[in-house]
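Copied from Swiss-Prot, the annotated features are:
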| type | residues | note |
| --- | --- | --- |
| BINDING | 44, 61, 139, 140, 141, 160, 254, 255, 256, 271 | iminosuccinate binding site |
| BINDING | 108, 228, 318 | [4Fe-4S] cluster binding site |
């Protein structure tokens with residue numbers, strides 16, 4: 001499992017912290033110009049604007065996975081995202097291409113909620129004690145080790161953008177799905193496909209307990225008890241209060257939100273879906289968005305002819321995504337020029353082989 005404390009070997013030199021924003025921007029741009037097409041900088045939508053301005057492409061997890069796989073020209077990928085995204089890029093790209101993460105402490109709390117030891121134990125209990133024929137699926141927000149586990153057992157990765165297609169595929173395999181590590185995306189997707197809540201269970205990896213209310217024989221999906229630390233901060237009460245103030249308000253949320261929030265919202269979908277919905281919204285319409293704050297603020301700045309706010313007025317940005325900043329980006333690019341490999345993310349060959357199977361299966365389904 002990724003351990004940000006063990007992964008960080010050196011503190012950022014003080015000189016980068018002392019540089020002005022203009023100096024950092026000029027330094028970064030100069031290196032981009034120098035390296036040209038040898039450098040590629042995929043950047044997640046949740047990044048802040050100071051980083052997004054240098055992106056060669058912005059996207060959600062599915063878009064970035066596809067783009068990295070298709071790019072055979074770049075020698076260096078500087079991934080402005082979090083650790084599991086850089087791992088995914090390494091798995092999908094050629095061995096001759098290096099993947100850099102500007103700050104090695106940019107992890108993901110959701111991915112850390114399912115380590116491989118827990119997954120193997122949970123699988124054994126579900127298959128041996130409860131006699132369930134399990135097909136595992138994992139959200140791409142997971143470690144390479146979890147993706148390997150899923151690939152070895154014939155399963156697939158999913159993203160919020162293709163979860164419905166992949167879960168539908170899995171349901172048609174005649175097995176019980178084990179959905180890692182985000183219970184909310186799994187529950188919302190399965191329910192949207194017509195699976196009632198009583199045919200869902202939750203596996204608690206800490207208590208080592210299977211929680212269900214219906215008949216065990218009717219189970220269609222077991223949800224890993226994990227969640228996104230950002231999207232869990234949106235609640236149905238936020239929607240209720242907003243509609244009391246403004247009955248005409250439009251509410252759109254990410255499916256990583258709790259089931260009650262998704263059911264109460266007017267719209268729910270992936271990051272790409274949210275962006276496209278806001279882009280095509282009628283002028284003068286009013287929107288509350290339940291997703292990461294950097295993206296909400298960027299949409300608010302971009303589409304000024306509609307009213308946009310966060311569903312939770314006290315919301316903050318994703319803390320680990322925000323670890324990627326101009327000083328770390330400049331430092332990382334200097335390391336590339338110096339031949340320093342400290343920030344390279346490399347997945348071992350055996351893990352990458354089976355993890356790639358789960359990723360390729362996802363891409364073939366969708």
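Glycine residues also receive a Cβ, built from the backbone N, Cα and C atoms like all the rest.
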* To do: Quick one: give me the count of other CB atoms within 10 A of the CB of residue 228 ([4Fe-4S] cluster binding site).
  => 24
* Where does residue 139 (iminosuccinate binding site) sit by DSSP, helix, strand or coil? -> strand
* On the Cα atoms of 44, 61, 139, 140, 141, 160, 254, 255, 256, 271, which are listed as binding iminosuccinate, what is the maximum pairwise distance in Å? -> 17
* To do: Quick one: pull the CA-CA distance for residue 228 ([4Fe-4S] cluster binding site) versus residue 141 (iminosuccinate binding site), whole Å only.
  => 9
* To do: Would you mind checking how many other C-beta atoms are within 10 angstroms of the C-beta on residue 254 (iminosuccinate binding site)?
  => 27
* Cα-Cα separation of residue 141 (iminosuccinate binding site) and residue 318 ([4Fe-4S] cluster binding site), in Å? -> 14
* Cα-to-Cα gap, residue 44 (iminosuccinate binding site) vs residue 318 ([4Fe-4S] cluster binding site), nearest whole Å -> 12
